[in-house]
């Protein structure tokens with residue numbers, strides 16, 4: 001009994017022979033690349049439930065999906081993992097460890113571990129919330145502005161509304177232009193038009209979504225400042241009301257000229273550089289140069305209102321009606337107004353002359369003549385505030401009417417026939433010719449504008 005109770009002698013397990021880990025060369029170079037014969041592909045044979053673990057492990061190692069057991073390489077360890085499989089297993093292991101740590105941290109805080117995907121709302125739900133908030137904000141601004149206007153006296157109401165319109169109308173038109181420019185980029189993207197190459201943009205250019213984001217912020221800020229201006233002025237806070245447009249213009253100007261890497265620095269630098277090239281067309285004209293200059297000719301009235309607003313802010317005439325007086329320097333008789341109005345047309349005129357110097361095409365001279373016809377219209381209309389009324393009606397007004405008709409007809413003909421190419425548009429909309437659309441985008445119309453053809 002004592003002998004039976006004594007512990008049986010146990011055999012110590014043999015020491016594990018650690019085989020060296022495979023290197024990248026061992027995993028990447030197959031046997032047949034080293035001059036050895038290729039091992040035959042071994043199919044995975046189903047095993048019985050009573051099969052030993054060694055046999056199952058051997059079958060798994062010889063599975064074609066995980067690699068070969070490499071029986072033709074006698075001195076090499078039996079590793080069936082490829083580099084890609086090793087990376088995948090390592091990644092799964094890291095994911096398990098990370099999930100275990102997150103679960104442990106949540107249990108320590110007493111919070112159940114909820115997947116991050118479950119708490120993210122859908123894009124449609126976010127879009128609906130944004131639309132609802134935007135409509136509520138618009139209703140609040142309209143209600144506060146209407147109540148503020150109704151508190152004013154009847155004799156000052158029209159003058160004050162005209163003044164508020166002067167400060168905020170150009171910014172609202174700029175916001176509308178940015179919205180429509182985003183629509184253009186969206187149409188270009190949907191039509192597979194490589195507008196980045198046409199406009200000579202970098203790879204980091206703003207997409208239509210980012211353009212719409214900028215337009216959204218401008219649309220929110222400008223009416224909010226206008227509502228605060230109306231509310232403060234109607235409640236007697238004239239100094240605070242006068243500071244609203246000044247702060248708005250100052251903030252927008254600082255954002256545009258900011259040298260820091262924020263608010264799309266590369267796009268703002270591209271815009272400022274293009275404006276400098278438009279103001280001084282001493283180099284070859286590129287597509288962004290004349291395209292932006294054409295946009296500026298359409299926004300000449302916006303520039304005129306911006307000049308009048310800036311003049312009133314500099315001379316401290318905000319929230320007053322002194323600019324209606326004859327001795328004011330910011331009224332309609334100011335000499336700076338026609339100069340600002342004619343500046344975009346002069347820039348476009350010199351661009352056409354520069355194109356003629358580079359290409360020697362007479363089309364550029366005819367295009368320059370179109371922009372030169374706008375100059376007498378602007379200056380003759382400005383003479384209305386500097387001559388006597390009878391002289392204006394008898395002499396200058398007929399000249400102004402004749403120059404206006406000539407400018408309108410010439411611009412209409414040039415836009416329809418030269419820029420838009422009426423013959424191609426007729427084939428598109430009347431004959432449904434699909435090839436005409438590509439001709440319109442990449443054919444003679446763009447070539448005329450660029451001065452290539």
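Cβ from N, Cα, C; glycine included.
In TrEMBL, the transmembrane segment annotation falls on 210-234 of the listed ranges 35-59, 60-84, 85-109, 210-234. Matching 166-189, 286-309 against TrEMBL, the residues noted as transmembrane segment span 166-189. Among the ranges 6-25, 246-265, the one that TrEMBL lists as transmembrane segment is 246-265. 210-234 is the stretch from 166-189, 210-234, 246-265 with the greatest number of Cβ pairs below 8 Å to the transmembrane segment (125-146). In this model, the domain 'EXS' (328-453) carries an average pLDDT of 78.
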